[in-house]
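Asks: This is the feature table in Swiss-Prot:
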type	residues	note
TRANSMEM	3-23	transmembrane segment
TRANSMEM	55-75	transmembrane segment
TRANSMEM	80-100	transmembrane segment
TRANSMEM	117-137	transmembrane segment
TRANSMEM	156-176	transmembrane segment
TRANSMEM	187-207	transmembrane segment
TRANSMEM	231-251	transmembrane segment
TRANSMEM	255-275	transmembrane segment
TRANSMEM	280-300	transmembrane segment
TRANSMEM	334-354	transmembrane segment
Amino acid sequence: MRQIMIAVAIAVAVSILLTPALIRLFTKQGFGHQIREDGPPSHHSKRGTPSMGGVAILAGIWAGYFGTHLAGLAFDGEGITASGLLVLGLATSLGGVGFLDDLIKLRRSRNLGLNKTAKTVGQITSAVLFAVLVLQFRNPAGLAPASAELSYVREIATVTLTPALFVLFCVLVVSAWSNAVNFTDGLDGLAAGCMAMVTGAYVLITFWQDHNACVTAPGLGCYNVRDPLDLALIAAATAGACIGFLWWNAAPAKIFMGDTGSLALGGIIAGLSVTSRTEILAVVLGALFVAEITSVVLQILTFRTTGRRVFRMAPFHHHFELVGWAETTVIIRFWLLTAITCGLGVALFYGEWLAAIGA
């Protein structure tokens with residue numbers, strides 16, 4: 001627990017202190033966010049707000065994770081693990097794709113950055129590298145950072161994927177989560193606040209897995225997860241970085257995370273869900289993100305097949321703005337929904353453990 005608190009503290013400090021420096025730098029460079037002309041009228045006043053704040057979030061995550069391990073040398077903490085590095089690497093790789101996208105938008109003063117093909121190739125490449133590496137690096141107990149078995153709270157033994165199918169599965173998971181968080185990042189503080197809660201839930205889940213790991217505590221209900229404590233540090237650092245960034249990103253936002261932040265954060269959820277064996281449970285924890293990307297898919301499919309729209313605008317947080325909800329009302333209600341789904345997800349996780357031990 002001490003390591004988790006250190007990770008949160010370092011990440012919050014780095015993010016909250018670095019963000020205003022980025023605001024000044026990007027403002028001086030003229031790196032202002034471009035607003036869609038067909039968006040809600042209330043958003044036009046945000047034109048010119050600095051973007052690429054995701055740099056501060058990634059810096060906070062890196063500092064929180066590696067800073068905690070450096071501090072751990074003083075009290076014999078666990079070392080850096082393959083699982084932690086793979087999740088961090090996935091997030092950083094996706095953040096790099098987002099950074100290029102943001103940079104093109106800002107340099108060309110338009111709302112379109114990388115073309116869809118280039119962006120998709122970047123996401124797929126990141127996912128494939130992660131998928132291939134995450135089944136390697138077995139520890140002395142024979143555990144790899146991930147399993148080829150589909151997982152809810154632990155592996156579902158009846159659903160085992162071939163290596164090729166596992167790679168395809170990871171591509172779908174990474175693409176879905178990175179785009180889901182990207183679509184959600186359309187209102188001040190919405191994505192950062194929701195991410196802080198989802199990763200906070202993952203801190204609880206992975207910390208519990210660490211205390212009930214089959215390697216150290218074999219018995220009913222134990223978890224075959226490699227490096228759960230290190231995954232908890234990644235989750236804690238992410239939550240802390242989002243909280244620090246939210247100080248400046250809350251309405252009215254002084255800076256936006258941009259694709260640099262949203263794609264990286266989506267990678268965090270994808271990476272944590274695969275390495276903690278909770279791919280299906282993640283859908284409950286991040287249900288708001290799932291709803292956002294689903295609204296976009298429904299809007300596109302319905303319009304192409306019927307010529308009609310389900311929502312006034314997608315992602316559907318904009319729909320609520322256009323029907324009269326104030327932006328802050330949408331944000332707070334979506335935060336509340338995320339808190340509920342995170343609570344439900346943690347309850348399902350703990351309930352499964354109780355059932356496993358026969359309680």
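Just so you know, glycine gets a Cβ as well, placed from its N, Cα and C.
Where in this structure would I find these features, and how exposed are they?
Replies: Remote same-chain partners of the transmembrane segment (80-100), defined as residues 6 or more beyond its termini with a Cβ less than 8 Å from a stretch Cβ, comprise 52, 54-55, 58, 61-62, 65-66, 69, 113-114, 119, 122-123, 125-127, 129-130, 133-134, 136-137, 145, 174, 178, 182, 226-227, 230-231, 233-234, 258-268, 270-272, 275.
Within the same chain, residues 82, 86, 89-90, 93-94, 96-97, 100-101, 144-146, 148, 163, 166-167, 169-171, 173-175, 178-179, 263, 267, 270-271, 274-275 sit at least 6 positions outside the transmembrane segment (117-137) and bring their C-beta atoms closer than 8 Å to a C-beta of that stretch.
Nonlocal intrachain contacts for the transmembrane segment (156-176), taken as residues 6+ away from its ends with a CB within less than 8 angstroms of a stretch CB, comprise 90, 94, 120, 123-124, 126-128, 130-132, 134-135, 148-150, 266-267, 270, 273-274, 279, 293.
Sequence-distant contacts of the transmembrane segment (231-251) (same chain, six or more residues past either end, CB-CB distance under 8 Å): 3-5, 7-17, 19-20, 23, 53, 56-65, 68-69, 83-84, 87-88, 187-189, 192-193, 195-196, 199-200, 202-203, 206-207, 209-210, 225, 257, 261, 265, 268, 271-272, 275-276, 327-328, 331.
Packing against the transmembrane segment (280-300) from elsewhere in the chain are residues 150-153, 176-177, 179-181, 183-184, 194, 198, 201-202, 205, 266, 269, 272-273, 309-311, 314-317, 319, 334, 337-338, 341-342, 344-346, 348-349: each is 6 or more residues past its ends and has a CB under 8 Å from a CB in it.
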Asks: Verify whether three or more Cβ pairs under 8 angstroms connect the transmembrane segment (334-354) with the transmembrane segment (255-275), leaving out any pair fewer than 6 apart in sequence.
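Replies: The transmembrane segment (334-354) and the transmembrane segment (255-275): touching, no.
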Asks: Where else in the chain does the transmembrane segment (55-75) make close Cβ contacts, counting only residues six or more beyond its ends and a cut-off under 8 Å?
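Replies: Sequence-remote neighbours of the transmembrane segment (55-75) are 2-3, 6-8, 10-12, 14-15, 18-19, 22, 84, 88, 91-92, 95, 99, 192, 233-234, 236-238, 240-242, 244-245, 257, 260-261, 264-265, 268.
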Asks: Should anything in the same chain at least six residues away from the transmembrane segment (334-354) have a Cβ under 8 Å from its Cβ atoms, list it; otherwise answer none.
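Replies: Hits for the transmembrane segment (334-354): 152-154, 187, 190, 193-194, 197-198, 200-201, 204-205, 208, 212, 221, 278, 281-282, 284-288, 317.
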